[in-house]
């Protein structure tokens, strides 16, 4: 009896977390695939339609075709526009606040990271005000400089520039801290050796720092890309998908289809398509960037 | 003699120029950092400035960083509006939901991580690594079916919808298992010989030794749950049931273009996470590094 209990006991420890894992991770994935194979208005019984929801996304004469690929393209644009600055600026900031010659560097780390803890809606409200065409602070100073007012949120390409800029302001600190951890893992002896060889600052960056950052860089690029695919809050709060549908992103459209139009099957198929694209993207990045042993 | 002299002066000159160069670098770095930090903080300073201005001064075409008149009117309006934008209610919703979620994550994930790190049982590694593999599944695939499940459970418009589904995540188990495995095994063995149960070992030995890891997980879980945006919008219909970040989307519509009030709301919503950040700064830095760079 006692021995049996001892055998079961470990399972009791993992059980609570495991139940939630099954109900809210495994079950949804299975259910999601199943819903995507059905036509379902959420009220009546789902009707099995096979791969129709997926095929419809590739048929130019369906309602979803234009809107889905528009949202897909917009999401893609956002990823392409936002990931490079989120990597490059974060690395530059990390190098800056990692330098032993910088005074108060802990304070600066805190400053650059602070905006990262805000919610996306708070960030949205702040930038709505900063970028307001008539009364915003940014246009006020641009006008003083003689550049004039820019319709930051109402016209292209400004709407994209605004979304990318506020995203950089919002989350760059997280990437900066990740790079910082990577920088601190590079053995100091490598720099000392480079000094003895008379390497310049630039050479040290190119031949010591960058190679030493390969693993963290791979991780940061993949995580940042995946996170940016999930863009929703910024356009939802600030551009409302506009001008027109130009900044309407996938999560906005999928939410519309699922909970506005109650076409659960189509929405699930779109969500799974999006998930697959994200997985493919990570694999490609992994193949391209992973350090060769 | 002559030769020695020259050598010495050269050396002094060299050290001097090296010192000067270093001094210059320090000043340069510091200036760059100050300029960047100022730009980074400007938006935050500007919302504080706006939040305390009366409406007439907010729309004043001349920008004044220091308000001409300081007023609490914007906050008063927000707190008295219990119909359209019940910010206080949202605040307490958020607090209750994020706290409950965090406590449950700490409890369930530490129990599970203890078993995976310290106990022997059949299929342990299989279960564990299958679970970890699901980290690869993009969350977008799950949000529609998770809504369906939460609806079937009758949780729409209740805090349960925002507390429980996130407990299915596996990151906390991963983080804690890593940490627990670093604690010497002799401690358990000694306790077992003394007749301690597994639970006693978990509760009396492992947990007290894991405070840093638990704190890190707590801070991250709380912040993540507090700042969640899309999910609370989906699972609440009644405005009163929203969390603070999700509520701000309604609030924005209620006071559209009324920037004094909007910034007061943004400021209120920014205070809790900023406070938590200042109090738990060391856990933040540690946690980000942990989440990222452990192989």
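Residue numbering: from 1, along the chain as shown.
Glycine is treated like the rest: Cβ placed from N, Cα and C.
According to TrEMBL, the feature transmembrane segment maps to A:12-37 (among others).
Taken from TrEMBL, the feature domain 'ABC transmembrane type-1' applies to A:72-285.
Same-chain residues lying 6+ beyond the ends of the transmembrane segment (A:78-98) with a Cβ under 8 Å from its Cβ atoms: 105, 108-109, 112, 160, 163-164, 167-168, 171-172, 175-180, 182-184, 205, 209, 213, 217, 220-221, 224-225, 228-229, 231, 247, 249. The transmembrane segment annotation in TrEMBL covers A:78-98 (among others).
The transmembrane segment annotation in TrEMBL covers A:110-130 (among others).
Among the features that TrEMBL reports, transmembrane segment is placed at A:158-181 (among others).
Annotated transmembrane segment per TrEMBL: A:217-237 (among others), in sequence order.
As annotated by TrEMBL, transmembrane segment applies to A:269-289 (among others).
The transmembrane segment (A:269-289) is not in contact with the transmembrane segment (A:158-181), judged by fewer than 3 CB-CB distances under 8 Å for residue pairs 6 or more apart in sequence. In terms of C-beta pairs under 8 Å, the stretch of A:12-37, A:110-130, A:217-237 lying closest in packing to the transmembrane segment (A:158-181) is A:110-130.
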